[in-house]
Every structure is written in C-alpha cells, then in structure tokens.
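According to TrEMBL:
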type	residues	note
DOMAIN	47-422	domain 'Major facilitator superfamily (MFS) profile'
TRANSMEM	83-101	transmembrane segment
TRANSMEM	113-137	transmembrane segment
TRANSMEM	143-160	transmembrane segment
TRANSMEM	198-216	transmembrane segment
TRANSMEM	279-298	transmembrane segment
TRANSMEM	318-336	transmembrane segment
TRANSMEM	343-365	transmembrane segment
TRANSMEM	377-401	transmembrane segment
Amino acid sequence: HRDIERGDNKGLEDLVDPLLDEKASAKNVDDCEESEENGSIVMVLLSTAVAVCGSLEFGSCVGYSAPVQTDISIDLNLSVAEYSVFGSIVTIGAMIGAVTSGRIADTIGRKGAMALSAVFCIAGWLAIFFTMGSLLLDTGRFFTGYGIGIFSFVVPIYIAEIAPKDLRGGLTTLNQLMIVTGSSISFLLGTVVSWRTLALTGLVPCVLLLVGLLFIPESPRWLAKVGREVEFENSLRRLRGAKANIYAEANEIHETILTLQSLPKAGLLDLLDTKYIKAVIIAVGLMVCQQSGGINGIGFYASETFQTAGLASGKAGTVAYALIQIPVTIIGVVLMDISGRRVLLLVSSSGTFLGCFLAGTSFFFKGQAIFLEWVPLLAVSGVLIFIASFSIGMGAVPWLIMSEIFPLHIKGAAGSVAVLLS
C-alpha cells in the first residue's frame, strides 16, 4: 500500500480487471466437468473390459471342442460316445452354474462371483491339459461349464449395474460380442496348435479377469442392497467421477431397492399366474428354440461335420466358421434397435432353418449315394448360413427380450427357469 500511496503502481495493472472472469470461470468449470466425465468413463470402460473377459472365457470354452475332436480322440483313444460325453457335459455344468449364479452373486457380490467362476474355469482347463484319460477330461470340461454358467448371469448383470444409462445398452451388448469372439479365437487357434496348448489359452481370459478385479469397483447397486453404504458411495464416485453429483443416482438406486423389497417375493408357482404366463411362455419358448435349433451340435462338431461331408480337412471350414461370426454379430447389434427384435428373430430363424435344411440334405444325398459332388458344398453352405443367421438374431435377442418383458419382482425366478430350460 505504501507503493500505491507514492503513486508507484507498476505491476498492479491487473487490479483493474474483475476478480472473477465469467468466461474464464465457465471455461474452467467446463474443463473440470469434461475431465471428470472422461475419468469416470474410463473407469466404466475399464470395468466393462475386465468383466467381458468372462464372456471371452465363455466363448473359448464353447468353441474348444470343435477343432480338437480328431486329435483328442486319437491321443486318448476315445470312442465317439466318449467324446460326445466330453463335448456335451459342459452344458450340464453350465446349467447348474446358471441356476446357482443368482444366489452366488447376491451372497458374495458380482466381483466375488466372477472370481469364483474364473477359479472353476482355471481348474477345469488344467484338468484337461494334464489329463491322460476320459475321467479327468470330463471333470475338467464340467468345471469349465460350471464356471461359464455363472459368467452367463453375472457378467451382463455387472455391466448393466455399473454403466450410466446412456451407455448401458451398448456396453451390455459387448457380452454377446465377446462370447462370439472367444469362440472364433478357439476355432482359429485350434487349427494351428495342439489340443493341450489350446486348453492353456483358455487360462488367459481367467488370469486377466482375476488381475483386473483388483482394480475395478464392486457393483454399487449390490453394495447398496447389502447395506454397505460407505463402500456404495465410494464405488459410485469411482464410476462417476470424484467431483460428480452422485446424489440423484444414489437416491434412485435406493428407491429401486426399496421398491423391490416391498414387492412380494415371487416363487415358481407364481409364474403360472395369468398376469405373467404369457411373458413366461415367450421367454421360455425363445430360449428353448434358441438351443434346440442345433447351435450346440453344429458349434461343438463343426470340424467333424466338414470332414464327414467329404472335405479333405475340416480346418478350412472351421476358419470360415470362425471369421463369419464376429462381423455378423456386430451387424445384429447395430440392427437390434433399428429394425426391432421381432424382425431380427424372423430373419434369423428363417436363416437357421435354411442352414439346417441344406446341411441335412447334403448328408441325405451322401447316404443315398446321389449327387455326391454337391455334398461338400451343401454341407459347408448350410453350416455357414446357419451360424451367420444365428449370430444376427437368435444368439442375442432372446436374452435381451427375457430381460425386458418381466416385472422386476419375478425377473429372478422367471429368468432362472428360462436359463435352466435353455
């Protein structure tokens, strides 16, 4: 102040400017909000990337049996019946895993359920790798099936619970896309590596998942449901940004939980109520049609199907099978909200019918010893048309419809029945 009294105000010119520059302040606020938003999106994307490692593991397990059938049968001296048990026992494990997944995820949390699934899958793959006979081989396959059964429930649930509303739909569809990707990778790798080495590659998604779980938050909705309020707030802040206003979303989550708790708990007999029976028939019917249409038979034994049809090697057909799944699934995801669920289901089911018809016709011709030159072409065309048609609609749409048509308080019971029957 003495300098100002003497008239020496050199260097104090900035005092004439307003203390708060509205434009600069607004810019700083926008930059801060943008930074927080980007930071929160990064955590959501990281959490989703870790979770879909379970989906990748699901696809790896499903796609394992097709390219290795001949090698495993020769090395372990398995009969067709013994290999059929190995190929199909995964579905029994997955059925049990899916039925128990809801209780497990509610008891130990979404992250705990994913970690448990990964442990089962790791144990299963190691059993397959070290096996010298059919007993350990089947045990390992059952363990991986149980693990992916839990993954089938908990991965989409976790993604839906952590994602903001505007990203929820797109991120949830990554589950189906990564299942297809895992299956395609197994098909491709199975043509160039041994069956034991391919079993070891199934460990990779599990290891990535277990490591990633150390760095991502638990589902805030589950934390709120079990009353862990401090962890609930911390988890939501990590997902939405440290300075984000989370109170509106937190209140919405609490209100949803209170609403669910106030509703009567639905049992299996409640599904027969006239208010819900139509939705149950639709969901169960779609899931049954999805699985009974032949996807497991074609997927598990694609390589053997091509060889039996007369191809010198099943590898070329297996590679084509693998390469066609991913782009067609992406097209289906894009069309899902544009064309609608019903149109995709109609197109997809028509295509799977045509694929089955062509493949069946090829083996009819072979059995009757007529038009033998057409047999390989019809078989390959039928299988590829089938998998392309299945990937564009019947693969993902039934799961989506099942999540949309049930009231909240019966969704758990109805979903369990639909998954069990699938």
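Just so you know, glycine gets a Cβ as well, placed from its N, Cα and C.
Outside the transmembrane segment (377-401) by six or more residues, the chain places 156, 173, 176, 180, 282-283, 286-287, 289-290, 293-295, 298-299, 302, 305-306, 309-311, 317, 320-321, 324-325, 328-329, 331-333, 335-336, 341, 344-345, 347-352, 354-363, 365 with a CB less than 8 A from a CB of the stretch. Within its own chain, the transmembrane segment (343-365) has Cβ neighbours under 8 Å at 286, 289, 293-294, 298, 305, 308-309, 332, 335-336, 371-372, 374-379, 381-390, 392-395, 397-398, counting only residues six or more beyond its boundaries. Contact count against the transmembrane segment (198-216) (Cβ pairs under 8 Å) is highest for 113-137, out of 83-101, 113-137, 143-160, 279-298, 318-336.
The largest share of C-beta pairs under 8 angstroms with the transmembrane segment (83-101) comes from 143-160, of the ranges 113-137, 143-160, 279-298.
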